[in-house]
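S.K.: Dropping the structure in here first, questions after.
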Amino acid sequence: LQGLFVLGLPYALLHSGYSGLLLIVLAAALCCYTGTILIACLYEENEDGQRIRVRDTYEDIANACCKKLSPNLGGIVVNVTQVLELIMTCILYLVVSGNLLSHSFPYVPVTEKTWSVIAFVTLLPCIFIRTLKIVSKLSQLCSFVHFIIILVVISYCLTQTHLWSWAKFRLSLEFEDFLVSVGVIIFSYTSQIFLPTLEGNMKNPGEFRCMLNWTHFFACILKTTFALTAFLTWGEKTKEVITDNLPSFLETLVNVCLLTKALLSYPLPFFAATEIVYSCVSKSNHSNYRSPLLALTVRGSFLLLTLLMAMFTPHFALLMGLSGSVTGAAMTFLLPSLFHLKLKWQKLSFLEKCADISVFILGFLCSLAGIVCSIKGLLEVF
C-alpha cells in the first residue's frame, strides 16, 4: 500500500507546494517515533533494570491499558480495527489490480471487475501460506519491483531536466486540497500494525530501533527525491497517479510492474488478518486451533470476502478513505501515543509526555479532517 501512496506524492506536492517537502520529512519522523513507542509498550523493566518482553501483540498492549475497565475490551477494539483496515487494504489491492489490467490491455473485451476476478485467481495460493517467512520473501520481491518503478520514473524525469522550474511550486494553498496532501504523505509511511509481529520475529530484536530509524531515513530520502523530480517535470499537469503522466510505452511497463507489486503485497495484510482471527479462535476453542480444516476455511473465507467486496462495493475508494481516516490514524498516531502515556507515565520525562500528547492531538485532527473530506465526497456522489 505504501508503494501506491508513493505514486501520489508528486500530486500531493502540486497541492501542498513547499510545505509538502517539509511534510514528507515530518511524517517520516512522526511515524518512526510512534513505531518506536509502540514497541516500547511491549516491554517492562524487571527488578534488575533489564527490559523484558512481557507482551507480544498490539492486542496485549491494549488489554494492559484497559484491564481496570475490562480485561478484554482494549484487545477487542484493537483487533476489530486491525482486521477492518487489513481487509480494506486487501480489497484495495484487488480493485487496483483490476484497474491496472483494464488500462494495460484496453483492447481486450473484458470488464474491470472480470480483471479483478482474474487477479483473484492468482492469489488463491495464499490459502496455503502458514508462516511469516514466506510472506517476507514475497515482500522482498515486492520491494524489488517497487524500486524498478521508482527507477523508471526518475530516469525518465532526469531526461526532462530542461523543463524543470522551481516556479512550479505553489505558495498559496487551498485548505481542502492541503488536507488531501497531508493524508497521502502521512499514510505513505504507516506500518504500525505489522511492527509487533516483525520485532518479535527478528533474530536480534535489540536492533529493531536502529532498523526503524534507517528505513524511515532512506524512505524519506527516496520519497522526497521521487516526488520532487516528478513534480518538477510535469508541474501543473501532474496527475493523481504519476504513472499516468508517462509516455504510453513506459506507462504500460510501469502498470505491469504495479500489478505485480499489488499482487505481491496482498499476502502480508492477508496473513496478518488471518493470524489475528486465529489468535481469537485459540482462546475460545483450543482443540480446533491450527487444524488444517480451520486454516483453509478461515483463509478461504477471507479471500472470498475480499473478492465479493471488490466486486460489489460501490464507490469503494471513498469508503476506503473514510475507514482509513478512522483506522489508519488510530493505529498510527492515536493508540500508540495513548498506550505509551498510559503504560509509561511514571517513567516519561516532561518532554516525552508533551511529544506523546502532541502526536495524539495531531492524529485526532488528521482523522477528523479525513472523515469530513470523505463524507463530503460520499454526499456529492449520492
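Backbone N, Cα and C define each Cβ position, glycine as well.
So TrEMBL has the following annotated:
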type     : residues : note
DOMAIN   : 2-375    : domain 'Amino acid transporter transmembrane'
TRANSMEM : 20-43    : transmembrane segment
TRANSMEM : 76-95    : transmembrane segment
TRANSMEM : 115-132  : transmembrane segment
TRANSMEM : 144-166  : transmembrane segment
TRANSMEM : 178-198  : transmembrane segment
TRANSMEM : 210-233  : transmembrane segment
TRANSMEM : 253-281  : transmembrane segment
TRANSMEM : 293-312  : transmembrane segment
TRANSMEM : 318-339  : transmembrane segment
TRANSMEM : 359-379  : transmembrane segment
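Quick one: where do these features end up spatially?
M.R.: Long-range contacts of the transmembrane segment (20-43) within the same chain, counting only residues at least 6 positions beyond its ends with a Cβ under 8 Å from a Cβ of the stretch, are 9, 12-13, 51-56, 58, 60-61, 64, 181-182, 185-186, 188-192, 195-196, 199, 208-209, 212-213, 216-217, 219-220, 223-224, 227-228, 332-333, 336-337, 339-340, 343-344, 355-356, 359, 362.
Same-chain residues lying 6+ beyond the ends of the transmembrane segment (76-95) with a Cβ under 8 Å from its Cβ atoms: 1, 4, 58-59, 61-62, 116, 119-120, 123, 193, 262-263, 265-266, 269-270, 272-273, 276-277, 280, 302, 305-307, 309-310, 313, 316-317, 319-320, 323-324, 327-328, 330-331, 335.
When Cβ-Cβ distances below 8 Å are used as the criterion, the transmembrane segment (115-132) is approached by residues 94-95, 97-99, 101-102, 197, 201, 259, 262-263, 266-267, 270-271, 295-296, 299-300, 303, 306-307, 310-311 of the same chain, each at least six residues removed from its ends.
Only residues 6 or more beyond the boundaries of the transmembrane segment (178-198), in the same chain, are considered here, and those with a CB under 8 A from a CB of the stretch are 1-2, 5-6, 8-9, 11-13, 15-16, 19-20, 23-24, 27-28, 30-32, 34-35, 38-39, 42, 55-58, 61, 82, 85-86, 132, 208, 212, 216, 219, 223, 268, 272, 275, 321, 324-325, 328, 331-332, 336, 366, 369-370, 373.
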S.K.: Using a Cβ cut-off under 8 Å, which residues of the same chain at least 6 positions beyond either end of the transmembrane segment (210-233) come close to it?
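M.R.: Answer is 6, 9-10, 12-14, 20-21, 24-25, 28-29, 31-32, 35-36, 150, 153-154, 156-158, 160, 163-166, 168-169, 188-189, 195, 202, 242, 245.
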